[in-house]
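Structure, as structure tokens:
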Amino acid sequence: MRELSDRQPPEDQRANPPSAQALAESEWRLHLTINTIPAMAWSTTPDGLIDFCNQNFVDFVGWTAEEISGQGFWPIFHPDDTAHLLASWQEIMATKRPRDVEGRIRRADGEYRWFVLRQNPLFDADGNVIKWYGAGADIEDRKRAETALEEAQAALLASEQNLDLIVNSLPVLVWSARPDGSADFINQSWRDYAGEPADKILEWGFLDLYHPDDVPSMMETWTRDITYNDQTALKGRIRGADGLYRWFYFAGRKITDANGAVRWFGCNVDIEDLQRAENALRESEAALRESERALSLTISTIPAMVWSTKPDGMLDSWNQPFLDFAGVAFEEIEGDGFYRLFHPEDVERLRSTWNEVVGSVRPQETEGRMRGRNGEYRWFALRQNPLLDNDGNVLKWYGIVVDIEDRKRAEEALRASEAALRDNERRLEHIINAVPGLVWSAAPDGEITFLSQQYLDYIGLDAEHALAGAWRDAIHPQDAEDLFAAWANAFAQGRANEHEARLRRADGSYRWMLFRASPSFDSAGHLAEWFGVNIDIEDRKVAQDTVRASEAALRDSERELQQIISSIPGLTWSSDARGATRFWSQQYLDYAGAQLEDVLGFKFANYIHPDDRDHILEMWTQIIAAGTPGEAELRLRRADGEYRWFLIRACPFFDEHGNLTRWFGVNVDIENRKRAEEDLRQSQSDLAHVTRMTTIGELAVSIAHEVNQPLMGVVTNASACLRWLDGAQTDIAMARQAAERIVRDGHRAGDIITSLRSLARKSAPRMDRVSLDDVVQPVLDLLRGEFKRHDVIAKAELDDGATAILGDTTQLQQVNLNLIMNGVEAMAGSAASPRLLTVRAQTREGKALVTVADTGPGLASDDPDRLFEAFFSTKPEGIGMGLSICRSILEAHGGRIWAATNGTRGGAFSFTLPLAEGHGVHVSKR
């Protein structure tokens, strides 16, 4: 058997006819092609004896073809792989079906490299195997990538286990449970995180804080572990005080005391960031497994993609597996057209590399992305070798394309896993340094093995000196003996423990610390390590002293408060958040002649005047619903049965969470004030009546003139009517017109007298629904004589009854009478003309607005508000009560009045009144 690179066409073949010679020439070129392929190829007899191997095979193992033929395959394989390769080969020959196997082959330098090996049978017409052909592809790089990934994953797993071991022992969200799984203790961190009191979390209350999607699986695991196991470990989401859920790692262990009593102890560690990292890692590993599966399928289906080019690098052949992959015909990529199959970002680099290879006449390997028939790009390794003639000239270039997409992804996954490992190590360090305490660990015998950087910084020592025992010197001398004795006992019993002691800070000051330690056991139940944390409780210690002092002060304050309440000149009381009475002061009870049990709850209503009760209870309900301070006036029954007016004021009290818990109030006796207010109202009413009568007296001449005018018209029209009726020819139409004028003038005189009687009437105020025009127009009608006497042009801008108000017509007419007469009198003393009085009634911003404006000399006072003070007047003959009475009337109606200049000339008085309910409905004039 000879190496095929030395074979030449035999002489007898050259003498054959052209067809035989062509066949021999084709066979020779085929051998050259196989010999040049950058892969190992061979053939064997039907019984498995090797009878051919290509030059790549010979060069790799460093044997001659005869040596390989004489000794067979097996010496070149790794001893550990020979058995399974032999068994696989026997199975392939028995089943006559090809299959891929992997094994290590020794290179000429003695190094073993991994190969994937494939044997394909050649059958005769009867289905008998007449030959076996095989090929081997180097997969050493893929194997190394897989090994590196496995090692990285193992390191990542070890890191996570170490992280879990440390975090599980740190006292973060600490809990304990009964044998049935119900919680009987949670620490302050648990309550702070959840924002709930302990009684809402203990027992089975913690289930309300777990994410609803997690509860079934968590309870299944928890129930199984407390029934059959000694420890538990699970993950789930817990809702915090902010309403957001975060992932936690739950770790617990069953502890049985000397009496056989069982309890579970554990802690929950926030792993939100770690959970996200694990999810990302699982997705990455899933993608990697999918990639490896795709790679395995590709290798088992397509052993290799083989191609060749002319000496100038122009493509002249590519095997069918490649064409099937690319989904193109050979004519489409012949020459240099194959570049269009590569990723645009790789084309220039590949073209430059290929040109360099062709020019240097040396083997080369490069990588690039190639597009498949589905339009997706995959990474491939392109390896090429030149076929040289005897003179070293390139006859042909042969190459193989190996799919390395999975290897690329594996490398990326490896980098991601290494990054995740580094991130976890950093996270572990950050967690330890972020724990609000000084973290440490110790050997089973209590010898300190680790102190966190925070611990070292706190005591001002480096790790070397601290771990050598110097950390003990930081313990306060008065506390050291008790602390070390307590820990010696805990270490001997292997049980968690805690103790309080003072620890010296780097600045020399001591602060109280709570030393906590928990044991960690290996899988066999042996004590493996101690983990602990020192928590600063200096503020708590100070707070405890402060609380004791505060409690003493509170007791003194309560005694003082009781004395103050007894001295308050009012009836004090308190109720719960619903408004039910809980307390009446002794003064209140003495006033009502009642015992406390007579007024508790809502029985206090029995002491309210029947006419006030419904209104007051409704108002009390509204105040409670609003949760804001309120006040009201009501009559309360005295012990002798008499009712007196009280002003009741109530204020809410809130706890530190903003929840309303109590109401406090005081009732002040205002009976004398009420009587004084009633006397004042009666005096104001009498004064307003006197003022009206005075004004009417001042207008007597004008009023008489206004009455005489229509009466003269009546007389004149009556005479004319008689003439039309007594004439020679009776003119009924003219007589009717005269009679109608008599009726009109009679009504006019009647309206004036009605208005006058209304103003002169003295009666109790009545709040009626009335049109705004009804309190303006009659006054204008009454004052027509005054307008003529003083040459005043009166202009009224009214809304024809569209604006409805609620008020006493007489009092509001008095306001308009006073304001209009003030305007007329102001213009009477002015020589300027024209004398224009404008009365405007309108609706603005949900209120009725009336403005009386004149063109007189303007306001005589620099302070318009003084015009409404009692006994302040700008007229020599005035007493200064008119505008003061106007303001009192309007304020009693819920309105207000003010004065301003009327542009550049004159003054303007305006007042507003609340609109009546159902405003907008037309109100008929009276």
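Heads up, residue numbers simply count up from 1 along the chain you see.
Any Cβ shown, glycine's included, is placed from N, Cα and C.
Automatic, uncurated: that is what TrEMBL annotation is.
The compositional bias 'Basic and acidic residues' annotation in TrEMBL covers 1-14.
Per TrEMBL, the feature domain 'PAS' maps to 26-96 (among others).
For 99-151 (among others), the entry in TrEMBL reads domain 'PAC'. Sorting the domain 'PAC' (99-151) by DSSP state (H, G, I as helix; E, B as strand; all else coil) yields 12 helix, 29 strand, 12 coil.
Annotated domain 'PAS' per TrEMBL: 159-230 (among others), in sequence order. Per-residue confidence over the domain 'PAS' (159-230) averages 85 (mean pLDDT, predicted model).
Residues or ranges marked as domain 'PAC' by TrEMBL: 232-283 (among others).
The domain 'PAS' annotation in TrEMBL covers 291-361 (among others).
Per TrEMBL, the feature domain 'PAC' maps to 364-416 (among others).
Feature annotation from TrEMBL assigns domain 'PAS' to 424-494 (among others).
Sequence annotations record features per position, and here TrEMBL assigns domain 'PAC' to 497-549 (among others).
Marked as domain 'PAS' by TrEMBL: 557-627 (among others).
Secondary structure of the domain 'PAC' (630-682) per DSSP, as helix, strand and coil residue counts: 12 helix, 30 strand, 11 coil. The domain 'PAC' annotation in TrEMBL covers 630-682 (among others).
Taken from TrEMBL, the feature domain 'Histidine kinase' applies to 702-917.
Among the features that TrEMBL reports, region 'Disordered' is placed at 1-21.
Using a cut-off of 8 Å between Cβ atoms, the domain 'PAS' (291-361) and the domain 'PAC' (99-151) share at least three residue pairs, counting only pairs 6 or more apart in sequence. The listed stretches are 232-283, 364-416, 424-494; of these, 364-416 has the most Cβ pairs under 8 Å to the domain 'PAC' (99-151).
Note: the stretches the domain 'PAC' (364-416) and the domain 'PAS' (26-96) are in contact (3+ CB pairs below 8 A, sequence gap of 6 or more). Note: the domain 'PAC' (497-549) comprises 12 helix, 30 strand, 11 coil (DSSP; helix = H, G, I, strand = E, B).
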